[in-house]
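These features come from Swiss-Prot:
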- 12-15, 44-45, Lys49, Asn117, 211-218: GTP binding site (BINDING)
- Asp114, Asp155: divalent metal cation 1 binding site (BINDING)
- Thr156, Gln213: divalent metal cation 2 binding site (BINDING)
Amino acid sequence: MGGLPTLRIEPVPLERKVRPGDDLAELIAESAELEEGDVLAIAHTVVSKAEGALISLDEIEPSPFAKTLAERTGKDPRVVEVILREAESIVRVGPDFIITEVRGGMVCANAGVDESNAPPGYVIVLPEDPDRSARELRRRLRELVGVDVGVIITDTQGRPFREGVVGVAIGASGVPVLADRRGDRDLYGRELKITIVALGDLLASAAELVMGQADEGTPAVIFRGLKPELERFEGPRKARAIIRSPSRDIFR
């Protein structure tokens, strides 16, 4: 992508665990020195916690259909019931997963319902509107520290035909999530015809290397030095733009 700038990725360990109702921007501002042009990548789990998107399994009564799916997938029937409530539709069911479409059109495993990093007896669900959450976090950070930063909300997803999970951007504000390279030239002068780079997902995956997936306790990172590169692109600034339309989805 041309002459790449020097890039730094700095972890942002928060001072304490996030609780429902917390001002997440305030916690971040207390834990990190933000600069103009930084990009903040933050795990959706802490965004969801701050927004109160925690569900107590003790309050869930599984439906007969949830119990049937639980038998097929080996999952807790209460977790399956939460998945069904969060999903717009079911795409596929496997021996240990339920592939779903959720609000906004994103296709993911188990409707994004997360048991990891949730308090015992609870599950975390996705933010109601991750792009809106990113936009509000960006606005609040600008209000608190007086600098404009990009924000990406991350999750991890599997991919068809590939083992393992990678980071993806499920919410964004102030960052081009797609870089259209069509019309650029390769090393031999040939015009690129179809290359569109998923910048949001690339940043989310890089962030996951620093955040970790277990008990590392680093729910956010700062990218510093990206501003000159990102200013080259005029792509969409919402993560929803990364979602492929059903008419172009060859896997359903």
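Positions of Cβ are set from backbone N, Cα and C atoms, glycine also.
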For the binding-site residues Val12, Leu14, Met211, the one whose C-beta sees the most other C-beta atoms within 10 angstroms: Met211
His44, Lys49 as binding-site residues, winner by CB count within 10 A: His44
Asp155 (divalent metal cation 1 binding site) versus Val12 (GTP binding site) - Cα distance in angstrom: 17
Leu14 (GTP binding site) versus binding-site residues Asp114, Asp155, Thr156 - nearest by Cα: Asp155
Gly217 (GTP binding site) versus Asp155 (divalent metal cation 1 binding site) - Cα distance in angstrom: 15
Cβ neighbour count (within 10 Å, all chains shown) around Gly217 (GTP binding site): 12
